[in-house]
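Participant: Below, the features straight out of TrEMBL:
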- CYS555, CYS558, CYS561, CYS595: [4Fe-4S] cluster 1 binding site (BINDING)
- CYS567, CYS585, CYS588, CYS591: [4Fe-4S] cluster 2 binding site (BINDING)
- 546-575: domain '4Fe-4S ferredoxin-type' (DOMAIN)
- 576-605: domain '4Fe-4S ferredoxin-type' (DOMAIN)
Amino acid sequence: MSNCIIRLMLGNHAIAHGAMEAGIAVAAGYPGTPSSEIIEYLLDNGREFGVYAEWSSNEKVAYEVAYGAALAGARSIVTMKHVGLNVAMDPLMSSAYTGVKGGFVIITADDPGMWSSQNEQDNRWVGLHAYIPVFEPYDPQNAKDLVKLALEFSERHGHPVMMRTVTRVSHVRGPVTVCSPEKPRYSEGYVKEPRRHALVPANARTLKGELLRRWSTIEEDVEDAPHVYIDGNKNLIITSGVAFTYALEAVKNYGVKASILNVVTPVPLPRKVITDAVTRADKVIVIEEGDPVLEQQLKALLYDEDIRVPIMGKMENLFNRVGELTINSVMDGLTKALGIVNPLTSIKTISIDYSPPQRPPVFCPGCPHAASFYELKVSTARSGARPVFSGDIGCYSLGINNPFNEQDLLTNMGSSLGLGMGIYHGTNGKTLVIPIIGDSTFFHTGLPALVNAVYNKTPMLILILDNRVTAMTGGQPNPTSMISIENIAKAVGVDYVRTIDPFDTKKAQDTITEAMSVVKGGGVAVIIMRRGCALEATRLNRGHVARYYVDANACRACGICYNLIACPAIVPLENRKAWIDPNMCVGCSVCAQVCPYNAIKPEGNVKEWLGKWAEM
Ligand code: SF4
Ligand code: SF4
């Protein structure tokens with residue numbers, strides 16, 4: 001402990017540091033809220049200790065990188081958000097069969113409440129489905145401790161382990177004891193084991209038996225995990241993960257009389273630990289974040305053990321099944337279950353006669369995507385086309401909002417091309433489909449669908465909005481900085497490939513119009529709309545001074561600039577003339593190009609600034 005200090009840390013940073021303390025050699029991930037800061041921390045802090053960390057092109061690739069390292073005997077982790085695990089399901093299921101040699105932990109950051117996700121998937125189900133044990137931390141210190149434990153557990157059993165964190169663990173800060181990292185445990189060399197590592201049917205059948213035997217040993221070993229039992233009453237609350245902190249608060253601060261058992265491994269359950277606690281209880285209340293994963297297993301376990309005790313949780317609608325738990329929702333459930341008065345309802349609250357202004361999500365000032373959507377809208381409207389805009393996951397998802405309304409579908413990473421092809425064929429070729437996909441998402445899972453469009457001759461106009469980074473999750477790098485999308489599109493046989501700058505509005509509109517005529521003739525067209533993310537450009541070029549302002553005498557109050565490009569820096573005044581907030585404008589020039597009366601004028605050396613920006 002002499003090399004340890006206490007630091008205030010973000011949960012994700014604590015996880016990353018814990019992995020370094022456990023001697024990880026390899027870490028791979030794909031950015032996705034709320035998981036991104038784990039790899040960022042390792043890229044910033046791991047290299048000097050010899051840790052290899054990378055942003056991979058998608059979660060499946062990341063999984064395979066970390067899994068391969070663990071097959072060779074290195075300690076490794078892979079990180080992703082909950083829905084990312086679906087992309088990695090293929091190697092994940094196989095990894096339980098082959099097992100691993102070095103410790104291997106899959107970190108999935110679930111997003112209950114869908115703060116930045118398309119669903120609330122609870123990945124503890126995946127652990128059950130795949131025979132992979134799940135460790136669940138409740139705060140940053142616990143997360144750091146558990147990732148170390150999970151790596152050791154994984155190595156001891158030669159089996160992958162999942163750690164399921166949630167937003168309120170990953171994105172809170174708390175005091176964490178951090179110690180010096182261990183020397184990374186790289187492999188001494190890969191030992192060929194085709195019988196174990198080559199999953200042809202004959203091998204896989206044998207390995208399924210081995211997997212079940214390993215699972216029995218794992219079930220015994222989880223009994224010794226650091227489950228917390230706080231004795232105090234015949235009412236027993238069973239929790240896992242962040243729900244433990246709410247239960248503790250209820251008992252400590254709000255007069256709830258109950259014992260608490262926090263289960264570190266919701267999958268598989270520590271059967272003896274639980275039956276021991278339940279036999280001392282008259283009533284069991286299960287509190288968990290997400291689905292009733294603990295509760296369902298608990299009911300099955302107690303049926304097996306012939307223990308009859310009332311069990312209440314999400315299946316009885318005691319706690320909310322949509323969104324995150326809160327202390328209020330937990331207290332509501334507990335008061336119903338225990339027949340007590342909820343002290344929170346009698347706490348005096350001060351109401352103030354003020355509601356904050358509504359802030360609909362908008363593109364950043366100078367966002368090149370806003371310009372692209374504007375140009376797409378104008379070009380399609382002028383040509384009289386009524387396309388289906390098939391959207392995708394990224395900052396550009398904001399194109400769903402007014403004034404653009406150009407994301408008719410949007411389901412999952414890389415889906416824009418595939419769904420678009422389905423709509424084209426499903427309407428017997430009667431629909432003009434325009435998939436809109438970002439550079440990172442294109443490299444993630446868009447590329448195989450592009451190959452399919454060419455191979456199966458499905459005419460579409462594909463807009464690839466290349467802003468040089470994975471902007472939605474904080475500007476992480478991706479293959480776009482090294483690999484030419486144009487060359488890929490040409491190599492797979494796309495009929496029409498053009499690259500345009502969305503800040504050149506006239507050329508962009510002309511190119512989109514030309515590409516639509518190629519599609520009408522049965523071709524596949526790709527337009528790469530390339531311009532760096534405005535936030536990254538201003539961050540890299542601190543101190544730029546070029547911007548635009550409105551000449552009030554020339555402005556005719558037509559509203560085109562503030563209504564059609566929706567730049568948050570442009571404000572309509574009471575007289576409907578436009579005004580540009582000098583603190584927000586980043587000098588992209590688009591409003592000046594769309595103003596029909598030349599009322600928007602440059603201030604500073606805009607040409608030089610835009611030239612620098614284009615170099616990203
Ligand atoms: S130049 Fe115009 S569109 Fe671009 S950021 Fe400034 S105000 Fe917004
Ligand atoms: S487009 Fe030009 S004229 Fe119209 S409101 Fe904006 S600045 Fe004024």
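Glycine is treated like the rest: Cβ placed from N, Cα and C.
Predicted automatically and left uncurated, TrEMBL annotations should be read as such.
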Participant: Quick test of the contact rule: Cβ under 8 Å, at least six residues beyond the ends. What residues does that give for the domain '4Fe-4S ferredoxin-type' (576-605)?
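Facilitator: Apart from its flanks, the domain '4Fe-4S ferredoxin-type' (576-605) reaches 365-366, 368, 370-371, 374, 502-503, 505-506, 534, 537-538, 544-552, 554-562, 564-565, 567-570.
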Participant: Report the member of CYS555, CYS561, CYS595 (the binding-site residues) whose C-beta atom has the most other C-beta atoms within 10 angstroms.
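Facilitator: Answer returned by the neighbour count: CYS561.
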Participant: For CYS585 ([4Fe-4S] cluster 2 binding site), list the number of other Cβ atoms lying within 10 Å of its Cβ atom.
Facilitator: 21
Participant: Average the pLDDT scores across the domain '4Fe-4S ferredoxin-type' (546-575) and report the rounded value.
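Facilitator: Per the prediction, mean pLDDT sits at 96 for the domain '4Fe-4S ferredoxin-type' (546-575).
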Participant: Taking CYS591 ([4Fe-4S] cluster 2 binding site) as the reference, which of CYS555, CYS558, CYS561 (the binding-site residues) have a CA within 10 A of its CA?
Facilitator: CYS561
Participant: What does DSSP assign CYS558 ([4Fe-4S] cluster 1 binding site), in three states?
Facilitator: coil
Participant: Round to the nearest Å and give the CA-to-CA distance linking CYS561 ([4Fe-4S] cluster 1 binding site) with CYS585 ([4Fe-4S] cluster 2 binding site).
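Facilitator: Here the two Cα atoms lie 13 Å apart.
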Participant: Between the binding-site residues CYS555, CYS558, CYS595, which lies closest to CYS567 ([4Fe-4S] cluster 2 binding site), Cα to Cα?
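Facilitator: Spatially nearest to CYS567 ([4Fe-4S] cluster 2 binding site) by Cα position is CYS595.
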Participant: Tell me which binding-site residues (CYS558, CYS561, CYS567, CYS585) have a Cβ under 6 A from ligand 2; sequence order is fine.
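Facilitator: Going through CYS558, CYS561, CYS567, CYS585 in sequence order, those close to ligand 2 turn out to be CYS558, CYS561.
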Participant: Please classify the secondary structure at CYS591 ([4Fe-4S] cluster 2 binding site) using three-state DSSP.
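Facilitator: For CYS591 ([4Fe-4S] cluster 2 binding site) - judged by DSSP and reduced to three states - the answer is helix.
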Participant: What are the sequence-distant neighbours of CYS588 ([4Fe-4S] cluster 2 binding site), meaning same chain, six or more residues apart, C-beta distance under 8 angstroms?
Facilitator: PRO365, GLY366, PRO368, ALA371, PHE503, ALA534, CYS567, LEU610
Participant: When you measure from the Cβ of CYS558 ([4Fe-4S] cluster 1 binding site), how many other Cβ atoms are you left with inside 10 Å?
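Facilitator: So the number of other Cβ atoms within 10 Å of CYS558 ([4Fe-4S] cluster 1 binding site) is 15.
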Participant: Among CYS567, CYS591, the binding-site residues in question, whose Cβ has the most other Cβ atoms within 10 Å in this structure?
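Facilitator: Selected residue: CYS567.
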Participant: From CYS555, CYS591, CYS595, which binding-site residues have a C-beta atom under 6 Å away from some atom of ligand 1?
Facilitator: CYS591
Participant: Round to a whole number and give the Cα-to-Cα distance in Å for the pair CYS585 ([4Fe-4S] cluster 2 binding site) and CYS558 ([4Fe-4S] cluster 1 binding site).
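Facilitator: Their Cα atoms are separated by 20 Å.
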Participant: Within 8 Å of the centroid of the Cβ atoms of CYS555, CYS558, CYS561, CYS595, which other residues of that chain place their own Cβ, given that this set defines the recorded [4Fe-4S] cluster 1 site?
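Facilitator: Apart from the listed residues, the neighbours are VAL550, ARG556, ALA557, GLY559, ILE560, TYR562, LYS577, ALA578, CYS591, VAL594, PRO596, TYR597, ALA599, ILE600.
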Participant: Residues other than CYS567, CYS585, CYS588, CYS591 within 8 Å, Cβ to Cβ centroid, of the [4Fe-4S] cluster 2 site?
Facilitator: PRO365, GLY366, TYR548, ILE565, ALA569, ILE570, ILE580, VAL586, GLY587, SER589, VAL590
